[in-house]
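*Asks:* Pulled the feature table from TrEMBL, pasting it below:
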| type | residues | note |
| --- | --- | --- |
| BINDING | 12, 13, 14, 15, 16, 17 | ATP binding site |
Ligand SMILES: CC(C)(COP(=O)(O)OP(=O)(O)OC[C@H]1O[C@@H](n2cnc3c(N)ncnc32)[C@H](O)[C@@H]1O)[C@@H](O)C(=O)NCCC(=O)NCCS
Ligand SMILES: Nc1ncnc2c1ncn2[C@@H]1O[C@H](COP(=O)(O)OP(=O)(O)OP(=O)(O)O)[C@@H](O)[C@H]1O
């Protein structure tokens, strides 16, 4: 038997950290952002189509995320055009992973789970959540994005309250202990263990 759990949450809310907790507890985990990294790397399936649409985005035969961020900041339509190229490739990658993992609880870490309709492929969904202040501090502390870039990504995402309302489970990521407790709770509910 397989159970597909879609894991989502807004930027910097703790998806990757929470996904690692599911992996530690024996779940197979597929990560949409990691799939995009593979697609953007040298020889990856997104390099050619991105190069055709945005020649400036290519550096050393790979898609440069720093360059893409700059392109997106300068051109309001760019992200939608990138998505139109990348999302079908990501879907294929996800389908291949699902086929290769026909048993157990499989977690799909997908930032745009509800926005892209990937939710329909899941047996249940979980959303990570923390306060807006903590979210912003965590993202800016990483030092990879400016506040403007953070705001632009945030504006593209479904508001967190809406995601939480749609999700079957909520995972509090205000601390590692709180998240671990919620992860355990979700697994108990899925397996039906007391
Ligand atoms: C915008 C890009 C260049 C930023 O790259 P960078 O390495 O700085 O950040 P990273 O990829 O880790 O993304 C950080 C977070 O931004 C959010 N995010 C990324 N892409 C999108 C998007 N298209 N819409 C809304 N939020 C997004 C997610 O929460 C993600 O976890 C990159 O995310 C990208 O190319 N996105 C387009 C592809 C896409 O839609 N990816 C989302 C997963 S399918
Ligand atoms: N439960 C938690 N307790 C304390 N800190 C956390 C927790 N979860 C995540 N963090 C911290 O918050 C930051 C963002 O976490 P993470 O990378 O897991 O988020 P994400 O949702 O995957 O981010 P993105 O959407 O940008 O890919 C990291 O610095 C991480 O250490």
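Cβ coordinates come from backbone N, Cα and C, glycine included.
Curation plays no part in TrEMBL annotations; they are all automatic predictions.
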*Asks:* Show, in sequence order, which residues other than 12, 13, 14, 15, 16, 17 on the same chain lie with their Cβ within 8 Å of the centre of the Cβ atoms of the ATP site.
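*Replies:* Residues close to the ATP site, other than 12, 13, 14, 15, 16, 17: 9, 18, 128, 138, 173.
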*Asks:* Taking the Cβ of residue 17 (ATP binding site) as the centre, how many other Cβ atoms fall within a 10 Å radius?
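*Replies:* Counting Cβ neighbours of residue 17 (ATP binding site) within 10 Å gives 13.
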*Asks:* Which of these binding-site residues (12, 13, 14, 16, 17) have a C-beta closer than 6 Å to some atom of ligand 1?
*Replies:* none
